[in-house]
């Protein structure tokens with residue numbers, strides 16, 4: 001509407017400078033509007049802890065200039081917070097198990113570590129965390145290596161223990177160095193809940209050159225209280241990239257410990273599929289955290305999740321991993337085709353096996369996504 005008005009406006013002959021400025025502004029607006037039409041919007045959605053924000057960070061590393069030193073340093077307090085919060089969760093979890101579990105003895109923290117544990121638990125309760133010094137790192141290492149804490153860590157799925165735990169606990173001496181600057185790997189493991197909306201613009205890199213497509217990717221808060229903020233992004237979206245952490249079939253939500261994470265993911269996926277504004281939107285489903293899934297499935301049966309209660313294991317080892325993965329994949333396919341006819345050509349649906357922390361996997365996946373969306377665009381233009 002603004003463009004139409006500006007084109008019809010008569011410039012005053014008495015002020016050539018003002019006329020020139022107005023004409024330049026009009027040219028810029030028109031240019032930006034045309035450029036915007038060529039940018040495809042991707043909406044990155046998923047429940048909390050699905051790994052979508054790690055995907056977002058990988059895009060920045062893969063298809064942009066990455067993180068400069070200032071950005072890397074900005075993650076230092078986040079990483080320290082992850083360390084302190086995690087060791088507190090493990091300490092407090094061990095104490096609870098020592099009181100209530102049938103095998104309570106193995107969760108009793110050793111006398112040598114008790115005082116350290118209480119100190120670190122208190123630090124983990126603060127609003128402001130101290131700088132991670134060598135002395136504090138040594139104390140955290142001592143508690144981490146305690147047998148009771150290791151037994152508790154083995155039951156991390158019951159205690160909201162984050163996926164980054166082992167990585168940071170094994171790098172404490174480096175993290176506590178006086179001149180510490182987070183690495184790209186540290187940033188990828190750093191856990192901070194997305195609130196609100198963040199965006200990034202990129203063009204995927206193929207084997208020989210950049211794709212001709214330009215994408216704007218929006219990452220939206222995954223926790224329940226963030227979802228009401230999504231609605232203004234829905235219109236005009238080329239595709240939804242939905243992240244589902246398939247390894248979390250035996251875990252509960254951070255914000256509601258009575259709710260299984262995969263059940264929440266199922267319900268969220270169903271809800272998104274039913275939104276009228278996604279009637280013709282393509283869906284790229286990332287079955288994420290496969291690296292954790294393939295280890296867990298050999299020890300924790302898939303049917304502990306209500307959604308997968310009809311699952312029947314077939315064997316062990318790699319064959320069982322693939323069988324379980326295909327079962328989960330089929331469940332998501334069934335959800336999708338409940339809302340979309342299988343023979344529809346105006347709405348693309350693809351499923352990808354992903355590990356957000358694996359840069360090669362993410363790069364390959366986005367190359368495939370790019371190819372899929374480019375083919376869809378050619379089809380819509382009548383060129384296929």
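Each residue, glycine too, has its Cβ placed from N, Cα and C.
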Query raised in the report: Looking at the ranges 284-291, 292-299, 300-307, which is given as region 'G4 motif' in Swiss-Prot?
Result: 284-291
Query - Range among 215-224, 225-234, 235-244, 245-254 that Swiss-Prot annotates as region 'G3 motif' - result: 215-224
Report task. From the ranges 27-40, 41-54, grab the one Swiss-Prot calls region 'G1 motif'. Result -> 41-54
Report task. For residue 194 (Mg(2+) binding site), identify the closest of the binding-site residues 51, 289, 356, judging by Cα separation. Result -> 51
Requested in this report: Would you identify the secondary structure of residue 49 (GTP binding site) according to DSSP, in three states?
Outcome: coil
Query - Tertiary contacts of the region 'G4 motif' (284-291) (same chain, 6+ residues out, Cβ under 8 Å) - result: 46, 50-52, 55, 163, 239-248, 269, 325, 328-329, 332, 336, 349-358, 365, 369, 372
Query raised in the report: Counting only other Cβ atoms and using a 10 Å cut-off, which of the binding-site residues 49, 163 scores lowest?
Result: 163
Requested in this report: Check each residue in the chain of residue 53 (GTP binding site) that is at least six apart in sequence and keep those whose C-beta is under 8 Å from its C-beta; list them in sequence order.
Outcome: 192, 194, 219
Report task. Please work out the helix, strand and coil residue numbers for the region 'G2 motif' (186-194) from the DSSP assignment. Result -> 4 helix, 0 strand, 5 coil
